[in-house]
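As written in TrEMBL, here are the features:
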- 7-24: transmembrane segment (TRANSMEM)
- 30-47: transmembrane segment (TRANSMEM)
- 56-76: transmembrane segment (TRANSMEM)
- 88-104: transmembrane segment (TRANSMEM)
- 124-145: transmembrane segment (TRANSMEM)
- 165-186: transmembrane segment (TRANSMEM)
- 193-209: transmembrane segment (TRANSMEM)
- 215-230: transmembrane segment (TRANSMEM)
- 237-253: transmembrane segment (TRANSMEM)
- 349-368: transmembrane segment (TRANSMEM)
- 375-395: transmembrane segment (TRANSMEM)
- 401-421: transmembrane segment (TRANSMEM)
Amino acid sequence: MNFKNKYLDISLITFTVIISYLFLQFGNNIWGGVIALAILVLLALYLSKLDIVHPLTWYSTTYFLYCVAYPILVAMGEISYDLDLKKTLYLEWIGLLTFIIVIGTPKKREYSAKGLEKLQNLNFVIYPIYVLSLFLTMVYIAYIYTNNLNNKYLIALDQSGIGMLTPFFSIYILSFNLIVAYRLVIKEHYPKTFLLFNVIYTFMALMVIGERDLMLKVILGVIFLSHILYKPISRKIIILSGIGMIFLINLLGDLKSAAFDKGPRIEIEQSLLSKVLNGEFISASRNLSVLINGSDSWTYYLGKTFFWDIQVAFFNGSNSILEWFNNTYYPNLSARGGGNGFTIVGEGYINFGVFGVILIFIFLGLFLKFLYKKAINNVIWLIIYIASIPIFIYLNRADLATLFAQIGKHLFLPIFIIYLIKQIVEKNSGRVNNS
């Protein structure tokens with residue numbers, strides 16, 4: 001029976017991939033590629049059984065939005081273009097198919113209680129760290145507000161040294177997730193007041209410093225931790241929550257623009273779909289299209305940018321593929337301290353062509369698979385995994401340097417600092433007790 005089910009699954013997967021490829025190859029220039037990607041996403045959701053925590057659920061759906069936003073806007077006539085979108089969609093299709101193959105079919109998920117003791121032992125140090133990081137981030141926000149630094153360019157030019165406080169935002173998010181997990185698992189209590197306070201605080205941060213990521217990280221952390229550690233969310237609610245998050249991202253973007261961009265703005269009447277697609281999700285495919293159609297201005301880097309990414313992430317290296325892209329194709333915007341991001345698919349392509357795209361998504365798939373397996377077996381790793389989700393989502397319009405820096409400096413380093421403080425406090429308290 002098991003062999004029969006496995007055979008049926010393999011047959012269904014093979015048939016689905018073939019149908020998807022036929023749409024990609026022989027369908028309409030844009031809509032054929034969009035439908036081909038949509039079919040792969042449905043396959044990913046079937047394989048993950050719509051488990052919200054599994055990478056095939058949350059990554060494939062968000063990746064799809066980043067891939068199709070620009071092409072759909074072009075097809076709707078919202079944007080004029082003279083770029084080859086068929087190759088763009090083809091490369092993105094290759095990336096998603098590679099990711100699905102690497103992640104594979106998940107085994108039956110049963111989250112382990114392993115790590116609860118470590119979580120309980122961390123309790124005495126988590127709260128002070130949370131309060132300290134909350135206070136220091138408040139100091140940062142207050143400084144930005146009182147000095148009227150109402151755009152990121154002005155913040156970057158500020159010479160006061162206040163930027164040294166920005167790493168505490170990462171510590172704040174991690175300590176927040178640890179406290180929520182502790183209350184759900186150890187105290188078996190849903191911390192409604194605590195959650196409400198942090199949502200309000202991160203909303204205030206959005207309105208002052210223009211960072212919507214903080215609020216999204218808090219909301220995602222609450223949803224995932226509640227689903228795993230408190231009460232499973234039904235598939236119907238998962239679908240509705242996913243749709244809600246898409247519109248929330250757009251709403252937060254509008255609020256960010258209203259509060260942070262003080263200059264005159266021209267309001268263009270758009271449909272709700274156009275507004276959603278024309279926000280956060282538009283840049284990834286657009287950047288990839290620009291890169292493909294501007295291939296006369298570059299030659300294959302043959303892996304060089306991967307070394308740049310490591311240098312930029314950990315050693316403040318001067319060479320950056322993201323900066324090169326913006327300086328080359330958006331020089332005026334780059335000169336003003338702005339940028340249009342990059343594309344993770346494009347980083348693979350600019351190094352080794354199609355093989356580079358496959359290589360990038362093998363790496364991403366293996367990395368996420370490792371984190372997911374660790375998360376199933378350990379509560380602390382679960383929190384690390386949940387904290388990494390926004391990083392991987394944002395990566396679609398960035399480069400590997402962003403992944404390395406965010407995972408290293410803003411995830412593992414804060415965890416290390418929390419454990420280090422715990423060890424120091426325990427050692428000092430032990431000395432006091434012995435004396």
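Using N, Cα and C of the backbone, Cβ positions are placed for all residues, glycine too.
Below 8 A, the CB atoms of the transmembrane segment (237-253) and the transmembrane segment (349-368) form no more than two pairs separated by six or more positions in the chain, fewer than 3 in all.
For the transmembrane segment (88-104), the most Cβ-contacting stretch among 7-24, 56-76, 215-230, 349-368 is 349-368 (pairs under 8 Å). The recorded stretches the transmembrane segment (401-421) and the transmembrane segment (215-230) do not share 3+ CB pairs below 8 A when only pairs 6 or more apart in sequence are counted, and are therefore not in contact.
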